[in-house]
Amino acid sequence: MIKQQIEELRQLLRHHEYQYHVLDNPQIPDSEYDRLFHQLKALEQQYPEYASENSPTQRVGAKPLSNFAQVKHDIPMLSLDNAFSDEDFFAFVKRIQDRLIHVHHSLTFCCEPKLDGLAVSILYINGQLVQAATRGDGTTGEDITANIRTIRNIPLQLLTDNPPTRLEVRGEVFMSQAGFEKLNKTALAKGEKTFANPRNAAAGSLRQLDPKITGQRPLMLNAYGIGIAEGVELPDTHFARLQWLKSIGIPVNNEIQLCHGIEKVLDFYRTIKQKRSSLGYDIDGTVLKINDIDLQQQLGFISKAPRWAIAYKFPAQEELTILNNVEFQVGRTGAITPVAKLEPVFVAGVTVSNATLHNGDEIARLDIAIGDTVIVRRAGDVIPQIIGVLHERRPENAKSIIFPTNCPVCDSVISKIEGEAVARCTGGLICAAQRKEALKHFVSRKAMDIDGIGAKLIEQLVERELVHTPADLFKLDQVTLMRLERMGAKSAENALASLAKAKKTTLARFIFALGIREVGETTALNLATHFKTLEAFENATFEQLQKVQDVGEVVAKRIRSFWSEPHNVAVVKDLIAQGIHWDNVEVKEVRDNPLKGKTVVLTGTLTKMGRSEAKEYLLQLGCKVSGSVSSKTDFVIAGESAGSKLTKATELGINILSENEFLALLA
């Protein structure tokens, strides 16, 4: 009897939460909801044997965390490409039409406001909320389950009698403008720090280690899509899927529309742009998605984004300010970037005091001088940049901006390759500015993987002039390391052990670690597999380099430029002298095998070897390794938790190999 009463109260409260938070249709006064809530809470305290973690009373109350655990996304949470004009949008549509030449009807889009919040993934197992994570880098996020459970419009249990066995909801967590203003008002009254804008407030609230604090913040969710779905037959359009989510208790934005044809899509964009200030929450554009799921799957993905969706951003907010000075920064590859030092100005929710001027060509194009009144905007509402100059306001004491001829850090000559806008320092690894970033790249996980040497340690080593080249890292001793801040005997021992371990590597990792421009992890692997030895790679001609898979004229020029610098050659020789070595890449003719000459895609997690090792084996089998599935793909090797690539391969009828079947080919 009591158990039934408790469950009925829970169902009643869930119903009213859904009516209030999702449908915006409250059916009872807040006071009545509070009465029911406290009645349930009292019964649960009196009868703890009937407690449930998914009860409406359990949204707040988990213990504070010491840190956030990592969560790997089974299906990557990709970002979106951007459009900033009608022309950009038309180009996006043309790319779609070029790929869908068999589709003769006009395209239908699901159009949504682009909320300015944080992307999250929420996993339901048999209808129960079991895990939530941030987007993170798209592959791995942070576990924020306890905090997500405190958000009132997110159901802890799906409102359906027949829930999917597994459902991953993806959406945006945000804060309304009214909630933001109230939060800041309360903070001011308490003498606490305020937030600059609703997005920062939402981010700070969602990443609180104490869920009780998150529970006091006015956060909301709007779902925009589905990741994993098992035990359910989903509708075949994006719009219908969002409506289905809404029917089972997941909040969806009320402004979403189905638009048939390009003009209707542009009408939606213009309408939302006009309504922007009256929506009650921050948006920075619209998201435009092909509605038909089958067409989405045919279009597929590029490396970081779907081909079937685009974010059409609103024009960035702009303000006037004064250019006080220009400083020239040096990046890891020697790129010289002019940075405008501005009179601080509030733009799009943040105070801007620096802005990029990109390069010397941009300075000339703008005809900008120190002392000018300039128009600054946050491109995409993120990166501040100067887009114009009010020349009529130029003061008499304005000073011309002189692009340096020598590096501001090491005084080496600055050069500019014909056809490139970027000027670069020629100092290579003798330039301290490049040195820090080059060393950080050298020790990184995908390069030499020296986990005992972190970014802060490298900064100390460079600033104290203890390390000038990567080879100097291997000359460090315990006494030297212990003189550095926060380096005791144990830390020094760990660092030296990491360095010793890193001396055994692979040719591919070593090439990648050198930081040659345009030579990424995959290209380094292709180079190592093709040339077999460092000597052959070093002496390869421009023409020989272009015979390597994925190496064109530009990459070949970068490689030859690297080896033509005596300083770089000296550093490489020193590294070898310090004991860097690797197993020989066997020079043997590719034996006949089912994968020879085929295009292969890896997906999922391999349990018996790393992804890089698997790529290396595939190249040795004479394969071309691709990062995406298409009609040109011959085989897909599927490890654990294989996601969208496996799904697409199945739909296209592509041959799929398990990890064990792949290993059998290597035997």
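Here the Cβ of each residue, glycine as well, is placed from N, Cα and C on the backbone.
For reference, Swiss-Prot has these:
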{"type": "BINDING", "residues": "ASP30, SER31, GLU32, TYR33, ASP34, SER79, LEU80, GLU112, ARG135, GLU172, LYS289, LYS313", "note": "NAD(+) binding site"}
{"type": "ACT_SITE", "residues": "LYS114", "note": "active site, N6-AMP-lysine intermediate"}
{"type": "BINDING", "residues": "CYS407, CYS410, CYS425, CYS431", "note": "Zn(2+) binding site"}
{"type": "DOMAIN", "residues": "590-667", "note": "domain 'BRCT'"}
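Look at GLU32 (NAD(+) binding site): DSSP puts it in a helix. For CYS425 (Zn(2+) binding site), the nearest neighbour among the binding-site residues LEU80, ARG135, LYS289, judged by Cα separation, is LEU80. Secondary structure at LEU80 (NAD(+) binding site), taken from DSSP and collapsed to helix, strand or coil, is coil. Cα to Cα, LYS114 (active site, N6-AMP-lysine intermediate) and CYS407 (Zn(2+) binding site) are separated by 42 Å. Of all Cβ atoms in the protein chains displayed, 24 besides its own lie within 10 Å of the Cβ of CYS407 (Zn(2+) binding site).
Same-chain residues with CB within 8 A of the center of the CYS407, CYS410, CYS425, CYS431 CB atoms, the Zn(2+) site residues themselves not counted, are VAL330, GLY334, ASN406, PRO408, VAL409, ASP411, SER412, ILE414, THR426, GLY427, ILE430, ALA432, ALA433, GLN434. Comparing Cβ neighbour counts within 10 Å across the binding-site residues LEU80, CYS425, the minimum falls on LEU80. Of the recorded residues, CYS410 (Zn(2+) binding site) and LEU80 (NAD(+) binding site) place their C-alpha atoms 39 Å from one another. Cβ neighbour density within 10 Å is lowest for CYS410 among the binding-site residues CYS410, CYS431. Over all protein chains present, the Cβ of ARG135 (NAD(+) binding site) has 20 other Cβ atoms lying within 10 Å.
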